[in-house]
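Feature annotations, courtesy of Swiss-Prot:
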- ARG152: active site (ACT_SITE)
- LYS176: active site (ACT_SITE)
- HIS244: active site (ACT_SITE)
- ARG247: active site (ACT_SITE)
- HIS270: active site (ACT_SITE)
- TYR279: active site, O-(3'-phospho-DNA)-tyrosine intermediate (ACT_SITE)
- 6-92: domain 'Core-binding (CB)' (DOMAIN)
- 113-292: domain 'Tyr recombinase' (DOMAIN)
Amino acid sequence: MTEFSASLAPQVEAFLRYLSIERQLSPLTVTSYRRQLSALMEIGEQMGLAHWQTLDAAQVRSLVSRSKRAGLHASSLALRLSALRSFLNWLVSQGVLPANPAKGVSTPRSGRHLPKNIDVDEVNKLLSIDLNDPLAVRDRAMLEVMYGAGLRLSELVGMNCKHVDLASGDVWVMGKGSKERKVPLGKTAVTWLQHWLALRELFEPQDDAIFLANTGKRISARNVQKRFAEWGVKQGVSSHIHPHKLRHSFATHMLESSGDLRAVQELLGHANLTTTQIYTHLDFQHLATVYDAAHPRAKRGKS
């Protein structure tokens, strides 16, 4: 341990114990804090920072800029600065610092990541699979349910038979934060779910899971990802197929057709409308593409 880390580390360790014991944060979260603060201590040593008590706003900005030069992206920088702010707030509460020097420091904004989707024709191409065995029927049902209801992968694999009402076409799923919600499946998804359920007993089910592996146990998320990717290749779909892409496609196509952002929010199970609003950017991209292709005075680069 260097002279600098010997003076910086004890308070970091005390903060981590506080997070673990008093805040009762998960070991994974505490490990994340440790990783970020250890990296900051290393950079601080390079800057000649000997004590947290001497840290000022200029040095905080230097910590951020050096982290950026080390290759951290904006989202990772924001995470690192957030960990530092929390630590410094704790130092303020302990009387070590009079104020938090990171309070007014911001990180570079990250570009908004737009989820990729596939168009309706590509979806239809993907779903027109050759039903030559029970597993193919199962996969078709999973694809139809994923696209028909816009489910998360965890929600799909977590579906149980008791959660589905085929008569009404509804299913109860367990979303993020263990929040249940009821979503409509749509007629096509219900039809293919019925086809699969008629074959499900062939796999000698070991629990109430709707979708089973060939062992009779609940299918794993990894298996679903693998099967979807394989079907994308077999069907000649132009982009890599993964479950989240079908969820994004569901959201985009619903918004393009209805324009009802609140309804899409409810269907996706988003706690905040802000999360759903990213699809308005996708919808605008769609409109802009149509405009550029159709409007007589929208020819770019021409006068």
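From the backbone N, Cα and C atoms, a Cβ is placed for every residue, glycine too.
Feature map: annotations from Swiss-Prot on the structure.
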{"residue": "ARG152", "record": "active site", "Cβ neighbours (10 Å)": "19"}
{"residue": "HIS244", "record": "active site", "Cβ neighbours (10 Å)": "15"}
{"residue": "ARG247", "record": "active site", "Cβ neighbours (10 Å)": "22"}
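ARG247 (active site) and ARG152 (active site) have their C-alpha atoms 7 Å apart, to the nearest angstrom. DSSP assigns ARG152 (active site) to coil, not to a helix or a strand. Cα separation, HIS244 (active site) to ARG152 (active site), rounded: 7 Å. Helix, strand and coil content of the domain 'Core-binding (CB)' (6-92), in residues and according to DSSP, is 73 helix, 0 strand, 14 coil.
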